[in-house]
Every structure is written in structure tokens, then in C-alpha cells.
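TrEMBL lists 1-16 with the feature signal peptide. Annotated transmembrane segment per TrEMBL: 258-283, 322-349, 369-393, 414-439, 445-471, 504-531, 543-569, 581-603, 615-644, in sequence order.
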């Protein structure tokens, strides 16, 4: 058993090491591997492994490359190819194979071309790119992948010839490094390479014969390629990804981000001003006055109150669903740590965060695969912190004495719930979605081995870390001078605070609409660019992690401040002690706005037609929205808990 646990820990470490890239040097004449990856389209969420396509060249001697865990989660499926590349040696024309494709294969190729599928190959870690010319600066930029074919006059034409241009840089040690990989596909009707000539016929995909009947004969597809090596002194290995990040809208995007950031700061300042008024003008005035106490009280029921000070004995009582609220807050803490950890790592990794310049990477280059790897690592590591904070928060929300020591059996149970709730939910949902993806034979379907690894990681890494964090959280004690101790009063036995004095303010719909608008306004611009990169333009890369980090910090600040305002209104205006769930609603309102925006984005921008792609989109965005909402709810509850204990601690000290 110990050997299995050590294996899982080593696997987690190897996943982290997979992110770290090392610069590879080449010599003249050295063999260079071109890897086949997958095909994907902006109009569907079902990519396919390129090697599995029935109309491409196959070689049984070639094998699949072992991917990292992040590449598997991203849907990358790398395979060795028959393309013979030797560094620095040009190949004007070479035959790859003649593929005899069945009518069914040709029909599928026609369908894929009409759906806008693009091909992804990899050379030295760089995706094969289509080259574009910027209309603003007259400079070129890359879009990862190249089209499978094109449609003209309602006829599909297949790209069966590729011209590969590999750009390299001469290093100080006299060796060479690859800094660019460009693919120029062409559709050629015969086996001759077109070269620079434009006088050649394209290769059409005919689904019917001359009589108009479905074609029964096989179609012979000749595959050819050419390779050219060119030195590029303007690009170094450290900034070779710049051309993938830049495009026609790069300068505009940065300007939009700056304007959005300034607007977000103004919004946060306005909310901060409101909080300052609440804290300084009202609370300080109220605390100077003599605290009022309830005029009458019946056991088990709160008395009538005429000020927020008089709610001190009931405001800290156990709310309904205290354990569920603690679990949600622990999951929210886990989400915050994972989210902030990933963003911070990406900011540290790349200098291309707040403006133009070099995108030299410190840790890794493949940002898309690294997102999945780093997210998984931080999610595993955050189990300790979520259980640590979760058990402390559980004591406070359950009206236990903050220094109560739980028995070890209870510590283990709570640790499993606080650390494992979020990963278990995510894993269950992903496996459910995976069934539909697997039925479509898409490359996004997780292999059985990967599923086993994820389950073992969850069981043998996440759960032990949760128990350890819960154990240390249970040993945490507050000092006798702490406001948490000073404001504590033992509850009546069996007393559970009921939702009373309900008004429109406490209804979830109103609280979501009222308190979610400003947080959503802060993240709207970043959401738009992230959605475009993930769902609409898969050949682009999101890289403005500096803006994303600042936006996330501003979001956490405004959620915390909104919670303080909501808590004060609850106690001072409505004299209602049921603040816990209200604060969670206020904090989590951003999640509902994100999911509403998900629906708007689908209607406005996306053109998905197959039901599985629609399911994938809404299911994954539901998970993301719920995770962000729970994170905001956790910030709200934790902020309100500290705020409540602080103000009532002041009363008791007085």
C-alpha cells in the first residue's frame, strides 16, 4: 500500500515537472520529430485524433507519444508521423503515401471540412501555425493549426499537400534552436508538388458519381510534402511564442483591458466609500451609545429587538444548515487557492501580462496544457488549507466554542468532507460528461488509465491532506483576548436560529440581482476574452494573466465589501439575525451572473448544432459558474463572520 501511495506522490511531482520546459538544441542533419495531434473546430466541442482519421496515411510502425497529464486533460493525443525532417536539409518535394479512402471516409472528410475543422501538428513543442499578415503593423502573426480543406461552390476540396517552413535561431554555442513552425497547405489533384506554381488543379471530394448516385468506388488521395529551413534572426527561443499571442486585435485588446481595469478600480473605490461610511459614521456612533438589550426573551425563541446591538445573543447562534454552509465555504476556499495559484504562476511565468513585449517563459511554454496541470496540482494541494479553514469555520458557524477540541474520528470525517467535497463533485460531473464524449469517439474522452489515476490521486493525496489540515485546524486556538472568544456566548441547548422577519431583501433573486451586478461588471471584459479563447477561437491563446490577477483581486475585495454592507443592512435596518446564508447569497451572486452570461454568449456568438457539444458547453460552464459562486460565497461568509464577531466583541468588551 505504501508503494502505491509513493507512486501517486511521484506522479503528482512528475506532473509538475512536465510543466517545466527545457530548451533543445539541434545540429545540422539531426532528425526532427513531427508529431500528429488532433483536429478540432470552433463550431463543435468534439475534436478527433488525427491518426484515427480513415483518410490519412497510416504506418503501423509508428507509436503514440506519452503525453503529460495536462495534455491528456486538454485532449491532446500525440502520435509519431512519417514526415522525414532533418535539421537544415530542404526537401523540395517528397511523397508521403497514396491513401485509398472508402466512400464513407470521403463523406466524413467532406463533413469535417464543412464544419471548419483545423489540423494540429507539433514540432519541438510548437504547434504548426497558419501565418497571417497584420493589417495594422504590417507584421505577421500565427494562428495555431491549419485548415483541413476548403469549400468552394458547394464542393469540398481537401488539402493533401503541405509546405512546411521551419524557422531556427543560431545560439551562442554554435548549435540551433527552433523558433517557428509554419504550415502552408495546398489541395493538389495529382502526386506532383505544386511548388510556387499556381497553375494546378485542386483535389475535390466527390460524394456522387457522374450519374448523381452515391459514389461506391474508393478515392485515391496522393499525399506529398515539402520542407524548407530558414534562419530567423529576429526571433529568439525565449520569445518564440510571441507570434501566437499577437494578432490584429492585440493592441485593441490591451487598451480595452486597461480601460476596464480603471473602471473596476473606480467601482471598488465607490464600494469602499460606502463601507467606510458604514464603519465610521454609523457603527462607531452606535458603539459609543449604550448597547440595548432585549426587553424580553423566551427560551428557544429570540426576543423582540430594537437595534443591532440587542441582537448580540442571537446573531451568533447556529444557522439552519450550518454543516452544509461550512462545506460550501471550504469548497470556496479550495477554489480560491486553486484559481489564484494558477493565475499567479502564469503571471510569474510570462512577462507578457500587462502589455506588449517579450513573452519569455520561466517555467513552461504550452500554456493551454499547463492550465490543466497547474489547476490539478493546486486543487490537490489546497485540500489541506480548505480543511484547515473549514473546521475552524465549522466551530464558529455551529456555535461551538472556538477552542473546542474534536475527537480524531470526527476530525477525519470533517477533513474528508471539507477537502473532498469539491474534487468529488468535479470528478463525478466530468466522468458523467465523459460518457457522452466517449460515445462520440472524440479525443477529449478521458482514457480509462487517466480516470484511474485521477481517482487514486483524489483518494490517496487529497483525502490524506484534508485529514491533516483538519487535524491542524482542530488544534488551532484563539487567544483569550480575541474577539472570537470575547463575543462567544453558549447557546441554549437544542436552539437553532430560524429564518424570521423575512423581507424582499432576503429573497435569493433580489440579493443576487442587487449584489452581483458590480462584481460581474468587474470581470465582464476578462470573461469575454476567456470565452473567446476557450469556446469561439480555439486557435488563439489567452495570455493576459496580469490583468486577470488584478481583476481577481478587485473581485475578492468588492465581494468582501458588499458582504459587509449587506450584513449591516440585515442587522441595523431589518433587525434580522439570519446573516449567514444571506452573506453566502451575496458572495455567490457572481456565479449566477456568469451562468446567465454563458447563456447569452451561446445565443449571441456560438453556432453549435450537435447536442453533445451543447451539453459539454453548458455542463462545464455550470461547473465553472458554481465554483466561482461558491468561492465568492466563502469570501462573503468569512468576511461577515469576522465582521460580526468584531462588532459584537466590541460590545461585550465595553
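Heads up, residue numbers simply count up from 1 along the chain you see.
Each Cβ is built from the backbone N, Cα and C atoms, and glycine gets one as well.
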Query raised in the report: In terms of Cβ proximity under 8 Å, which residues at least six beyond the ends of the transmembrane segment (504-531) contact it?
Result: 253, 256-257, 260, 263-264, 267-268, 271, 542, 544, 547-548, 551, 554-555, 558-559, 562, 566, 569-570, 574, 576, 578, 582, 585-586, 588-590, 592-594, 597, 601, 605, 632
Query - Segment-segment contact (the transmembrane segment (445-471); the transmembrane segment (369-393)) at 3 or more Cβ pairs under 8 Å - result: yes
Query raised in the report: Near the transmembrane segment (369-393), which residues from the same chain, at least 6 beyond its ends, have a CB less than 8 A from one of its CBs?
Result: 12, 15-16, 18-19, 68-71, 73-74, 76, 326-327, 329-331, 333-334, 337-338, 341-342, 345-346, 349, 363, 402, 406, 411, 414-415, 417-420, 422-423, 457, 461-463, 465-470, 472-474, 476, 637-638, 641
Query - Beyond the flanks of the transmembrane segment (322-349) by 6 or more, those residues with Cβ under 8 Å of it - result: 361-364, 367, 370-371, 374-375, 378-379, 381-383, 385-387, 389-390, 393-394, 397-398, 417-419, 421-423, 425, 545-546, 548-549, 552, 556, 580-581, 584, 627-628, 630-635, 637-638
